[in-house]
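Read through the structure below, which is laid out as structure tokens, and then see the notes.
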Amino acid sequence: MAANCERTFIAIKPDGVQRGLVGEIIKRFEQKGFRLVGMKFVHASEELLKQHYIDLKDRPFYPGLVKYMNSGPIVAMVWEGLNVVKTGRVMLGETNPADSKPGTIRGDFCIQVGRNIIHGSDSVESAQKEINLWFKPAELIDFKSCAHDWIYE
């Protein structure tokens, strides 16, 4: 995969969906120049969420996190572009919204860490694992955007 074809998994959590922030979040990723290659609106099962957050299973907040993520619909997405994992994390802001800068998604729209509206893969390896967990290969659309040559050299 070429450098500008790196992929990341981004999920708008139930609070982000309920607060009507889906369009604003998608807009920010599109305006940055990233390409949406997969998206689904789902009510994730407890089993899927436990698998997604398996690395956190021994943390005291884990049961509450799974319950919160299972409390409503999620918009699961795969975005593609140059350094999309790292840049996507910068766009999201810190996990704790109180530490997030204005202009980031969490800095602009969140107050508490337990309701931080969005998840983003923290590494290329995590992104691949999360994408494979949430999407079948046929659900990811491979295409070249007309804007590609206006974004990349």
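Glycine is treated like the rest: Cβ placed from N, Cα and C.
Residues or ranges marked as active site, pros-phosphohistidine intermediate by Swiss-Prot on the basis of similarity to another entry: HIS119. Annotation comment: Swiss-Prot describes LYS13, PHE61, ARG89, THR95, ARG106, ASN116 as ATP binding site.
Annotated features, which come from Swiss-Prot, shown on the structure.
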residue: LYS13; record: ATP binding site; Cβ contacts under 8 Å, 6 or more apart: TYR68, MET69, ILE74, ARG115, ASN116, ILE117, ILE118, HIS119
residue: PHE61; record: ATP binding site; Cβ contacts under 8 Å, 6 or more apart: GLY114
residue: ARG89; record: ATP binding site; Cβ contacts under 8 Å, 6 or more apart: GLY120, SER121, ASP122
residue: THR95; record: ATP binding site; Cβ contacts under 8 Å, 6 or more apart: ARG106, VAL113, ASN116
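Site extent for ATP: the farthest pair of Cα atoms among LYS13, PHE61, ARG89, THR95, ARG106, ASN116 sits 21 Å apart.
In three-state terms derived from DSSP, THR95 (ATP binding site) belongs to neither a helical nor a strand segment and is classed as coil. ASN116 (ATP binding site) is surrounded by 22 other CB atoms, counting those within 10 A of its CB over all protein chains shown.
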